[in-house]
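These notes concern the structure reproduced below.
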Amino acid sequence: MVKVDKEELTVIRKFEHIEHCLKKQVEAHVSTQFENIHFVHTSLPEIDKDEIDLSVEVLGRKFDYPIMIAGMTGGTKGSQLAGKINKTLAKAAQELNIPMGVGSQRAMIRKPETWESYYVRDVAPDIFLVGNLGAPQFAENMPNRYGVEEALKAVETIQADALAIHMNPLQESVQPEGDTQYKGVITALAELKGELSYPIIAKETGAGVSMEVAIKLESIGIDAIDVGGLGGTSWSSVEYYRAKDEKSKNLALKFWDWGIPTALSVAEVRYATGLPIIATGGIRDGIMIAKALALGANLAGVALPLLKPAVNGDVEGVIKILQQYIDELRNVMFLVGAGSVKELKKVPIVVTGFAREWLEQRIDLWEFLRDRRL
């Protein structure tokens, strides 16, 4: 039997992740809860639709639209596929002037020859680019644990503008080869923030960020939170398809729908902190983007819907999807009388169903919703 080292296994795993996301049903069976967030229609918008301003400023950069292409891949076997995906997405981001993230750079740290699969500056010189490393790699009990050297390498090798630290305890816990060392991560991130001159974004990957975690992250100086909520791609489902034995399959299956729905995570983080929020996890149209922004997000991130055109190198296909979302967002803003994203955050919203039940137990919902008027 041929023994594969852990770094090579990481590269192979990245390819398997893309393959399953393209070919299998990998989304959560439960919703983002955006369906329980409602706008109040206004019959007299008192604005012109074509004059609505969709631009936002986040982390010191101005973007034409409040949308981010979320990190998906990098460092796959042979690197060509990941490189093709990232360059396609980057060209779209450049065209639309929106930010973009890359997938986990762990493969690049251990196998530097994969760096080109993450590099997009040749096709997107102006985009706000976010690098990506995993939280477990900074844990105190992790062999060869990461520090500022690896963080700088992740950012500077691809000429990124910020670094995302992805928190994925769910995926790691159901992955046979998963890294479940998380002790000391908060301390490590606090130290990293003290030494790294680039913005750090704490990023979940499908299970959501609670207000308790958000408060801890804000207290150590983290610059922004990507909530990565439940309702979109379930990485437990991806590990279900990867599993080689019944025990591993059963564990991943049980946790397929674990987490905090995206809409509720956005509300919790906004209620508890003043940090910029990126809403990812099941964002599938411009109406959901509008609801995320109204709940307090600064950007909404999209991943899975863009993967298929990106795999085919179809830049126009990626732009077409994003443009549809933009058109839908603009239409929502017109129908609620919001001439800007700042105004959208003030319009009345109504919370019903499970979302209301959850938020009434977790936050002061009345305080969160009151005084919302233009």
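Each Cβ is built from the backbone N, Cα and C atoms, and glycine gets one as well.
It should be emphasised that the depicted structure is a prediction, and the values quoted were computed from it without experimental measurement.
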Gly71, Met72, Thr73, Ser104, Asn132, Lys203, Gly282, Ile283, Arg284, Ala303, Leu304 bind FMN per Swiss-Prot; candidate in Thr233, Thr352 listed for that same site: Thr233
Asn132, Glu172, Thr233 filtered to the binding-site residues whose C-alpha is within 10 Å of Ser104 (substrate binding site): Asn132
Structural state of Asn132 (FMN binding site), classified by DSSP into three states: strand
Separation of alpha carbons, Glu172 (Mg(2+) binding site) and Ala303 (FMN binding site) (Å): 20
Candidates Gly71, Thr73, Asn132, Thr233, Ile283 (binding-site residues) - the one closest to Gln171 (substrate binding site) by CA: Thr233
